[in-house]
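Asker: Let me give you the structure first, and then I'll get to my questions.
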Amino acid sequence: PNFGASLHMLKVEIGGDAQSTDGTEPSHMHYENDENYFRGYEWWLMKEAKKRNPKIKLIGLPWAFPGWIGKGENWPYDYPDVTAYYIVSWILGAKQYHDLDIDYIGIWNERAFSSKYIKLLRYTLDKHGLEQVRIIASDRLWEPISYVMLTDSELHGVVDVIGAHYPGTKTVQNALLTGKKLWSSEDYSTFNDDVGAGCWARILNQNYVNGNMTSTIAWNLVASYYEELPFGRCGLMTAQQPWSGHYKVDSPIWITAHTTQFTQPGWSYLQVDGHLGGGGSFVALTDGLGNLTIIIETMTHNHSKCIRPPLPNFSIVPQRATFYVTGSFYMVETLQVWHSRLDFEYGNSSLFQKLRPLKVWKGRFTLDLNVDEVYTLTTLKTGRKCFFPEPPPPPQPFPSNYKDDFNIRNPPFSEAPNFADQTGVFEYFVNASDPGDHVFTLRQVVVQRPITWVSDADQTISVIGNFKWVNITITCDIYIEKPRDGGVFIAGRVDNGGIYVRRTEGVFFWVFADGTYRVTGDLAGKKILMKGLSGVRDNAWHTLTLNIQGNSASGLLNGYPLWENVTVSHPKNGWAALGTRSFEFAQFDNFHVE
């Protein structure tokens, strides 16, 4: 609080072992008889958030579900009691293992809802003493959830918040008629330059001014994923180089502060018409104890376009605005002033600067507003613009010589650093029965296709490295666990991931449990460049080496040439990767890329 973005809420994905835009997040229950509340990074992230702001609100929402929930169907509502049990287990685990209280729970991100399931979820929450957990629905559009709530009084009774995604600052009549809190429960998703900051400034105000929404949640918190994945740098700030430690506090952070440092959950919006005469908007909020905060934005059309939806034309002119404060605010004599100006001509933006206080004369004050500005006027004197005392380390490309032997007894996370799982989940694994060379490995653990959110690949894959890599040698020990039709690969020049993972191309070197090998130009295995016999078998360790130089690729098995002089023309560059032929157990060790 009162440092930088000073966020009020943190919304996290309840991992479902499936692709959710830029990668997969592990589930707390990979299998029906499995529970583990230490996978992935969300537990850590929530605890770190609570350390900084104990009052931050926490929201959980699933994008996908492990396959066993649907008993083979790609649908989470056929066995609603199972799904409710699974979600409530996550909430109970958050408390039991991490002392985290989840405040709000969602249904299924941007997919269908089931009224029966929502009612059963409420019943299951209450049965486990979680009456304080509120339900938000449906994290998609205003309809049909609003209409169904108006026609189903029981559903109306259990949904506390209607959350819509990318509403373009507008709501619908039915949503207003429910009398429920309206939120933009996912928004922004825009490249975090000054235009992204303009988008964020505009919707933070206008979601309330035009759409009566009292919360706006940015996807995403921090861009900490390879930039060439979908929606690169669509976070409030950027920290996409864990190997160097470099990060950048982008301008959306300081736009956030204009609202978050001078309001809190529990404050109320004053019901005024927040449209300014010359274009732009303002909102006014109070804590009900005499404090007043006014936030003004004058973002121009071309400097505040969000990624979605399309923004209709509007015009903004410099203007002189006079504000009148009445009632209990008539006694306010001075307001603190914080100001940002986004400069698109010279790139010389001024962000979150404290100006001299403004005198309020007999309940009125006047302000000269230019375009592309944000003002916060407030009775609070707590605002601060802070920075971590040491500057961030300089940026560095991903190391051109990188090794991981996965030999770590008590890893801080369940997954190895820098690997970005795009289908399947790759976890540290301890091979208790191994004689010694491969006790600690990386294992693919999703063995049934999840209830997906997008079209995950039919193969599993994790990418790593520098997307610009061209000439590359990858070596990795591999262990196929699935007899007969099991298989694994290593790959280079891998050109896709995230929601586009099914169309991934590159140079893929596969070996299969039946003793064959293949070289393909794609993850799907349709573009066969070479095939033959390898002698590889399941339940034994083998070493694969893939060498790609210019237009030619070659492969080694256990240090001996297996195939060579395969012509590769496309893609020209990309990540390194490893993975499996299907949703199957397999292990990897001593990964090395040069």
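Backbone N, Cα and C define each Cβ position, glycine as well.
Straight out of TrEMBL:
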type     : residues : note
ACT_SITE : Glu110   : active site, proton donor/acceptor
ACT_SITE : Glu186   : active site, nucleophile
DOMAIN   : 1-261    : domain 'Glycosyl hydrolase family 59 catalytic'
DOMAIN   : 269-383  : domain 'Glycosyl hydrolase family 59 central'
DOMAIN   : 421-594  : domain 'Glycosyl hydrolase family 59 C-terminal lectin'
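Distances, neighbours, how buried they are, the whole picture for these features please.
Answerer: Counting only same-chain residues six or more apart in sequence, the Cβ atoms lying under 8 angstroms from the Cβ of Glu110 (active site, proton donor/acceptor) belong to Asp139, Arg140, His165, Trp453.
For Glu186 (active site, nucleophile), the same-chain residues that are 6 or more apart in sequence and have a Cβ closer than 8 Å to its Cβ are Lys11, Asn109, Asp139, Gly163, His165, Tyr166, Ile217, Trp219.
Averaged across the domain 'Glycosyl hydrolase family 59 catalytic' (1-261), the predicted model reaches a pLDDT of 98.
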Asker: Count up the helix, strand and coil residues in the domain 'Glycosyl hydrolase family 59 central' (269-383) according to DSSP, in that order.
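Answerer: So the counts come to 8 helix, 51 strand, 56 coil.
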